[in-house]
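Heads up, the thing below is written out as structure tokens.
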4 protein chains.
Amino acid sequence: MSSIKKVVLAYSGGLDTSVIVKWLQETYNCEVVTFTADIGQGEEVEPARAKAQALGVKEIYIDDLREEYVRDFVFPMFRANAIYEGEYLLGTSIARPLISKRLIEIANETGADAISHGATGKGNDQVRFELGAYALKPGVKVIAPWREWDLNSRDKLMAYCEEHNIPVDFSKGKKKSPYSMDANLLHISYEGGVLEDPWTEAEEDMWRWSVSPEAAPDQPTYIDLTYEKGDIVAIDGERLSPATVLERLNKVAGDNGIGRLDIVENRYVGMKSRGCYETPGGTVMMKAHRAIESITLDREVAHLKDELMPKYAELIYNGYWWSPERQMLQTAIDQTQEHVNGDVRLKLYKGGVHVVGRRSAESLFDEKVATFEDDAGAYDQKDAEGFIKLNALRMRIAANKGRKLR
Amino acid sequence: MSSIKKVVLAYSGGLDTSVIVKWLQETYNCEVVTFTADIGQGEEVEPARAKAQALGVKEIYIDDLREEYVRDFVFPMFRANAIYEGEYLLGTSIARPLISKRLIEIANETGADAISHGATGKGNDQVRFELGAYALKPGVKVIAPWREWDLNSRDKLMAYCEEHNIPVDFSKGKKKSPYSMDANLLHISYEGGVLEDPWTEAEEDMWRWSVSPEAAPDQPTYIDLTYEKGDIVAIDGERLSPATVLERLNKVAGDNGIGRLDIVENRYVGMKSRGCYETPGGTVMMKAHRAIESITLDREVAHLKDELMPKYAELIYNGYWWSPERQMLQTAIDQTQEHVNGDVRLKLYKGGVHVVGRRSAESLFDEKVATFEDDAGAYDQKDAEGFIKLNALRMRIAANKGRKLR
Amino acid sequence: MSSIKKVVLAYSGGLDTSVIVKWLQETYNCEVVTFTADIGQGEEVEPARAKAQALGVKEIYIDDLREEYVRDFVFPMFRANAIYEGEYLLGTSIARPLISKRLIEIANETGADAISHGATGKGNDQVRFELGAYALKPGVKVIAPWREWDLNSRDKLMAYCEEHNIPVDFSKGKKKSPYSMDANLLHISYEGGVLEDPWTEAEEDMWRWSVSPEAAPDQPTYIDLTYEKGDIVAIDGERLSPATVLERLNKVAGDNGIGRLDIVENRYVGMKSRGCYETPGGTVMMKAHRAIESITLDREVAHLKDELMPKYAELIYNGYWWSPERQMLQTAIDQTQEHVNGDVRLKLYKGGVHVVGRRSAESLFDEKVATFEDDAGAYDQKDAEGFIKLNALRMRIAANKGRKLR
Amino acid sequence: MSSIKKVVLAYSGGLDTSVIVKWLQETYNCEVVTFTADIGQGEEVEPARAKAQALGVKEIYIDDLREEYVRDFVFPMFRANAIYEGEYLLGTSIARPLISKRLIEIANETGADAISHGATGKGNDQVRFELGAYALKPGVKVIAPWREWDLNSRDKLMAYCEEHNIPVDFSKGKKKSPYSMDANLLHISYEGGVLEDPWTEAEEDMWRWSVSPEAAPDQPTYIDLTYEKGDIVAIDGERLSPATVLERLNKVAGDNGIGRLDIVENRYVGMKSRGCYETPGGTVMMKAHRAIESITLDREVAHLKDELMPKYAELIYNGYWWSPERQMLQTAIDQTQEHVNGDVRLKLYKGGVHVVGRRSAESLFDEKVATFEDDAGAYDQKDAEGFIKLNALRMRIAANKGRKLR
């Protein structure tokens, strides 16, 4: 343990990571560098500075990463229509690789030989943080206090704080939530508490980012989203930066009761876990991206994307953003987005996102061919006979040879 | 043309297929057998008898296929969580193979050498009908009048009716819908008319099976669904037959504004097409099936199902229900459903389906392992370190050898 | 038919395509442009000029496309390790898209509105030619005489020649092969004749490009291949152009009895067909490319490539080289080849290709980690316990819950 | 450590596992049950009895598992055409789940609470043994001495033997091979020694189960294999048990120099490793199974199998035989084999396996359709036009809209 000289810690400023600062200093007799990022979690990050200073930290990094987060992580993921296990929009998963990247950059800048984080040994986040760290700096040491120490109860933590003069008061005032929560610009998550019984409905007052569908306005809200190369660049005609796009969508969608999700998911470490999520903007983006793709993507390209998507989503969920296979898939996905340009019109209403229109200068929808009216020869219906007959040929031969279908 | 002696026609009793009866008799100088099925389209089928008799048809088949339809086609498909192109629940596609099967059975019973249908040469349905027919009776002849005749305008059809004394009046009374519609117990579809411009919103009065979310009740409806081997067997504790399950779900979901969909899809014959669908019960079933699977399926089995699903959905969309590859996939899917037993609780509200609970005697959710509280040794957090390190090894080696990730 | 003014024909100079020239002129009353390419089929192309002139053709294209063929079609395909149905190296399939491309280029240069080819209506080649043509020039007309005319027997063809003064003598001298053959730099194929019974062994004197293993030298031949970005750039240290690489490999491999294949394959048009192939150089390239990838590709990238390969091979077999989905896959595949650099040493002996060594400056093989000897801490064996335990967790939970494996 | 009372050890009778017996007794103060299986490794298993007795073992299991091995593990795997990373026939991987199964059965019979094995912490075998054990008996303890002890050099092992009176002499006589080897009825493997440099060719005297191609007979050997439901049931007309089939094929193929392989593979634990393998019978079986499938499987079923195969092979390689996802895939694969009946004729010559004929009463090869001669209307060439045109439609629309292919 004495071999570690300096460690960069992903520091939220909260009680747990404050304890970790002290524990690292004491246990490893090493210098701690703190890194606090604004990735849209909705809390001030600047207060973390004074807290870190009070803990004796000399090198303190506080970054606003919101634009980088949406531009380089959220948007590329939505190009893939990534959904994990049919439901989950990967709101926690996609924030982790950015944290890993900054931890390693700061380790390189400060000459640190280790990184540390406050994720437990049961969850996915430890995997995501550490796979990223190892991939980007293979010799780095990783310290995961929750896997090492014995402070695994609230009482022990509190005793540790008292013993080490860690000001517990900064968690006062807020009533301690019964849930384990995590937030970033894409979503907020809830686990634990009554949710540990998958048959128990989540309580209404748990949700924070959206009103209930019942409480949403009685009139629908219409919005137009403009896409360029698969990314949203404007809302209702107003050109916006990536993070601003997502902030605006979170607001309008949350106001309309959109984006709540309650699932049981399969963690990479092997257990099932119940989680509730609010992803207001992301829920809108998913629907809208499929809609703009529906008129601009070739059929077979779209189907290939659909076949690759579960694998891509699994990679992100499991923590393999920083891997050559994710990059291989991303290259393919990004190549398909060249023509994914145009507008989608949506109706938001009491928890529902309804696509009502889509248009594109590069649309592959051909009214002349598709029409029920006279198509002036754009399509020769007689071609269908040969098409069907040859597609049926192998089955006809099989049936002629006596094969039975059940 | 003279070689055909008897043809079985999928006969709706409507104007178009009545014209086809006459046209077949006249053009092929053959006997016509009509087959009319109740698959839950919501119209009486018995009136088709008198109409067929009036057209000189001697062999008339009228079947209630609703139970067979849901039990042997809809339910197996929902075991796969099949969605086409991320949105479409395959409500038209899945009804076709049953029609093909009955057409061929009737052809065999009546000694007919041909079948006929009223689908156009531009759509998917012709493919679905005919692939099924060829697979089940390889020597059958198929007559697709819309690909052959020149009655391709309303005026010509009307002239033909007048000329042949086909009673047009039976289509009177009903205002002719501006949409091309099709319905069965799983859904109703709309195409054509103003929908041919994908930027134009569907009109509210188009929808028939659901109220608008705005018009839905202000109080949510809760329902419990009971699953056995992946199929719903009871609603709110009441044991129901497959067709009854779907009828009930259509009612309660439609009343809550659930199941409307507006998409542009890729047809198998090569064009993009805009369609609107109402699938109230199916929308509920999709959500609920994923929820019961979430606690009863193994993770890797669930992921494999997700990777295979797009292919399975494409097969059904394209008309390959009666194919060995669909059966291969079905065998695998059905094998996974053995333990998919238990209950799902849903909240239906103004267009939204929200899973609020799931439970099963065969649940793989292990509270002892998953808990944030003390797990009494059910899970050793130290295992995670080795897990992560070996999963990272290949990437560490690559980084050590100088490979860069972008 | 009168609407066609000028047609570009893929012209081999042989009897069949000479008949087509005349038949096109006569049937369509149009001008014929001939296009003859050297793609390594092993026959002189220049004699086609005089033959075309004799048939009254004014615009005659004769191109040496060997380098383009190997560089832009064969090599990209081998980057994917493409094999159709586990055996076939796609030697015919991959030559077709180049022909389509040139046909369309020439149509554009000469103002032709149609293309034509000599492929039959039963095979894959018609599909490959025409899909490419339509994809590159959507309004082009395609004339496939074998699907249109009634000259479908040898006798009728001969009668037509006599009637139209087509000099049959140019096929004299050569004894007419009993097989339908096709060749290009990648392979030569044989179909028909006694091969139509899949139980009958091909006769030894059918094979043309390789000696039999029995007749091959009694001493093995060793060669070293050098790869850059997944393509072979040198043999035994000698830097060579793409076509020269393949020519040399064909020679050395053919001399060692390598590359014969006898299979029954599934055609895109729906039937099974028996074909024999000689692919001497390609057989070597396939083995060698996998070998260089084995030390330079990441495991998961390699596995993803293996999962995508059957689809990629199917696309090429079915004629979708010129499609957006093939290009999507190619983009992904090419991205993986950046580090596929290094050398492979092979032993060729009596029909066998044996990899005996591989090395790369970018090798991911890490002797320090892999060694059975003391690894000086490069790998901590204790990590394996946690790795296994967490990978087993879901199965342990299932077994604890009473699930049985069979 | 004191908690373990009885452990079942996979015992070869060799030096390493003899040391393990003693080490377990001493370290865990527990009873050791030995289990020695004949899975066709080519060494007597009965001598293990006396050795175990000499070490104080009271419960000794010696089983002949050859038939079970081939029938329930090797044959099912070959139905899938499983190849790992394009080359490896999984000869080691497939033997492990049977050992796991027997270890657990014996643990249950003898009331043991733990199992143990002699696999190292760097390899795949530990994973395969342990995943199987945990899946079949979730509460079992696993002792992997090579991950725990400090006897990790030859000298330390020898010192331990001397100290504990373990008779080293039973490894005398045999010159210690420089390779790490493992054998069962499907193959023998070689790792380590000079093979640790992937550029160094394996020495001729390393290979044990096959003659070199050079030393093989100058005359080819022909054999006929008879398949029932995808498994070989007879050779040259003689009906044989599964293990006998594989023994005979090993003999005839090894005599003809068939089945040598030299690769660098990716281990599940994250490193690349160079291995040489001799799989004489398996190499023949792979070729032959594809050949019988080529005439009896539907095209799309065959293609689906090819797409699923890499995943299936990876599962077996990684140790997931005893997993629900492998069983899901096996169910699908087995379902496809119902009609895989018939004969394959092979020519074996100097390292090469050449399919020369295949026939089946259930063949889907239709000579009437496939023929180059007059097919009497079995296939209408005109159908191809519509088939191609509709398959091209989406690409024509795209090109008309200005999309470019590269």
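Just so you know, glycine gets a Cβ as well, placed from its N, Cα and C.
Among the features that TrEMBL reports, domain 'Arginosuccinate synthase-like N-terminal' is placed at A:6-167.
As annotated by TrEMBL, ATP binding site applies to A:Ala10, A:Tyr11, A:Ser12, A:Gly13, A:Gly14, A:Leu15, A:Asp16, A:Thr17, A:Ser18, A:Ala37, A:Gly118. In the three-state DSSP reading, A:Ser18 (ATP binding site) counts as helix.
Its own atom aside, the Cβ of A:Tyr277 (L-citrulline binding site) has 27 Cβ atoms within 10 angstroms in the protein chains shown. TrEMBL lists A:Tyr88, A:Ser93, A:Asn124, A:Arg128, A:Ser180, A:Ser189, A:Glu265, A:Tyr277 with the feature L-citrulline binding site.
Other Cβ atoms within 10 Å of the Cβ of A:Asp125 (L-aspartate binding site) number 20 in total over all chains. Summarising the annotation, TrEMBL assigns L-aspartate binding site to A:Thr120, A:Asn124, A:Asp125.
Among the features that TrEMBL reports, domain 'Arginosuccinate synthase C-terminal' is placed at A:179-397.
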| query | Rounded to a whole number, how many Å is the Cα of A:Ser189 (L-citrulline binding site) away from the Cα of A:Gly14 (ATP binding site)? | reply | 17
| Using a Cβ-Cβ cut-off below 8 Å, which of the binding-site residues A:Thr120, A:Asp125, A:Ser180, A:Glu265 are near chain B? | A:Thr120, A:Ser180, A:Glu265
| remark: Record-annotated L-citrulline contacts A:Tyr88, A:Ser93, A:Asn124, A:Arg128, A:Ser180, A:Ser189, A:Glu265, A:Tyr277; largest Cα to Cα distance in whole Å is 19
| message | As a test of the contact definition, list every same-chain residue at least 6 positions from A:Thr120 (L-aspartate binding site) whose Cβ is closer than 8 Å to its Cβ. | response | A:Gln126, A:Trp146, A:Arg147
| note | CB-CB under 8 A to chain C: among binding-site residues A:Ser18, A:Ser93, A:Gly118, A:Asn124, passing residues in order are none
| field | Among A:Tyr88, A:Ser93, A:Asn124, A:Asp125, A:Tyr277, which are recorded as binding-site residues, the nearest neighbour of A:Gly118 (ATP binding site) by Cα | value | A:Asp125
| request: Would you work out the biggest C-alpha to C-alpha distance among A:Ala10, A:Tyr11, A:Ser12, A:Gly13, A:Gly14, A:Leu15, A:Asp16, A:Thr17, A:Ser18, A:Ala37, A:Gly118, the residues that bind ATP according to the record, and give it in angstrom as a whole number? | output: 16
| remark: Cα-Cα, A:Arg128 (L-citrulline binding site) versus A:Ala10 (ATP binding site), nearest Å, comes out at 13
| task | Compare the C-alpha of A:Asp16 (ATP binding site) with the C-alpha of each of the binding-site residues A:Tyr88, A:Ser93, A:Ser180, and give the closest one. | result | A:Ser180
| field | Residue, out of the binding-site residues A:Gly14, A:Asp16, A:Ser93, whose Cβ gathers the largest set of other Cβ atoms within 10 Å | value | A:Ser93
| A:Asp125 (L-aspartate binding site) versus A:Ala10 (ATP binding site) - Cα distance in angstrom | 12
| Where does A:Thr120 (L-aspartate binding site) sit in DSSP terms: helix, strand, or coil? | coil
| said: Measuring Cα to Cα, how many Å separate A:Gly14 (ATP binding site) from A:Ser180 (L-citrulline binding site)? | reply: 13
